[in-house]
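Asker: Below are the features I grabbed from Swiss-Prot:
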- CYS38, HIS61, CYS148: Zn(2+) 1 binding site (BINDING)
- CYS92, CYS95, CYS98, CYS106: Zn(2+) 2 binding site (BINDING)
- GLY172, ILE173, GLY174, GLY175, LEU176, GLY177, ASP195, LYS200, VAL260, GLY261, LEU262, ARG331: NAD(+) binding site (BINDING)
Amino acid sequence: MKAAVVEQFKKPLQVKEVEKPKISYGEVLVRIKACGVCHTDLHAAHGDWPVKPKLPLIPGHEGVGVIEEVGPGVTHLKVGDRVGIPWLYSACGHCDYCLSGQETLCERQQNAGYSVDGGYAEYCRAAADYVVKIPDNLSFEEAAPIFCAGVTTYKALKVTGAKPGEWVAIYGIGGLGHVAVQYAKAMGLNVVAVDLGDEKLELAKQLGADLVVNPKHDDAAQWIKEKVGGVHATVVTAVSKAAFESAYKSIRRGGACVLVGLPPEEIPIPIFDTVLNGVKIIGSIVGTRKDLQEALQFAAEGKVKTIVEVQPLENINDVFDRMLKGQINGRVVLKVD
């Protein structure tokens, strides 16, 4: 089968023929139709996270397609089902985290496109219990980004605790941020979009953002405080230390700062202000299978629409270059089939 493979860190991916995966008990073989491109894939290819993936590696954790083969022990899925393979490739199923609905914190989890091969290929093996079905009225290209960008931001907004009518600031209007704006509006929240790109802020306005601010032109935190008295919550998708610092300063008393993006730096937090103002700082990592089902339902009902640019698998290195330069609006989806 054809696949895009990381053979050396920080080197171009090789699009080549590799062996088609074989499945075993509890697994399914998915014929990949499309796969979204996430910033995490870039980290996997560069090997710049503390825990590096083993090479060679096929990246991709937004792979969607059709089940072509069902392994022994699988009774809830059949050949022909439309499914996606999320970042949470599998978890142990019996630790405290798995049993309490926090499976994304499982210490024995496997991750698609990082610890196991992912969706930058014509075929992908998957743990049957962790694939999620795609609603019939969503195309593969529309559905793919929901499997990471969508569920990640939807879950992050849930954990803010923000209520309808309250204000939330979305820092970074890229692959995650553009769907975060839509989920926030669908949840009844007022939205401030923050980004360094005017074209991305224009997209945010088209998607329903109530206010937009560019930190190149204004101190975003001060501007937000002047306009709305501070936000009840922030969701930071930008891979930028400055964005996290600004997001913290933009929160009103009792608010929540939810961290999603993963910049390499450490961020100093003023303990006195955090305690005195009752500010909550929360890390949020993707979402559970249930979160993913809910996120897909918003898209199926037309309340969230991913903005996608379709590219052939062979263009992956060009896509990575553009991603590094911040030149992508919405999400790039690789057409694999």
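We count from 1, first residue shown onward.
Cβ coordinates come from backbone N, Cα and C, glycine included.
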Asker: Mind giving me a neighbour count for ASP195 (NAD(+) binding site)? Other Cβ atoms within 10 Å of its Cβ, every protein chain shown.
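Answerer: By my count, 28.
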Asker: Can you tell which of the binding-site residues CYS38, CYS92, CYS106, CYS148 lies nearest to LEU262 (NAD(+) binding site) in space, using Cα positions?
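Answerer: Result for LEU262 (NAD(+) binding site): the nearest of the binding-site residues is CYS38.
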Asker: Of all the binding-site residues given, CYS38, CYS95, which has the fewest Cβ neighbours within 10 Å once its own Cβ is left out?
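Answerer: Counting other Cβ atoms within 10 Å of each of the binding-site residues CYS38, CYS95, the minimum falls on CYS95.
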Asker: Near LEU262 (NAD(+) binding site), how many other Cβ atoms are within 10 Å of its Cβ?
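Answerer: 13, counting other Cβ atoms within 10 Å of LEU262 (NAD(+) binding site).
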Asker: How big is the Cα-to-Cα gap, in Å, between CYS92 (Zn(2+) 2 binding site) and LEU176 (NAD(+) binding site)?
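Answerer: On Cα coordinates alone, these residues lie 27 Å apart.
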Asker: Sequence gap of 6 or more, Cβ distance under 8 Å: name the residues on the same chain that satisfy this around CYS98 (Zn(2+) 2 binding site), in order along the sequence.
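Answerer: Correct list: ALA91, CYS92, CYS106.
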Asker: Neighbour count first, Cβ atoms within 10 Å, every protein chain included; then name which of CYS92, CYS106, LEU176 tops the list of binding-site residues.
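Answerer: Highest number of other Cβ atoms within 10 Å: LEU176.
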Asker: Listed binding-site residues are CYS95, GLY172, LEU176, VAL260; which of them have CA atoms within 10 A of the CA of CYS38 (Zn(2+) 1 binding site)?
Answerer: LEU176
Asker: Show which residues of the chain containing CYS148 (Zn(2+) 1 binding site), separated from it by at least 6 in sequence, have their CB under 8 Å from its CB.
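Answerer: Same-chain residues close to CYS148 (Zn(2+) 1 binding site) (Cβ under 8 Å, separated by 6 or more) are GLY36, CYS38, THR40, HIS61, GLU62, PRO86, TRP87, VAL286.
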Asker: Helix, strand or coil at HIS61 (Zn(2+) 1 binding site), per DSSP?
Answerer: coil
Asker: Using the alpha carbons only, what distance in Å do you get between ASP195 (NAD(+) binding site) and CYS95 (Zn(2+) 2 binding site) once rounded?
Answerer: 39
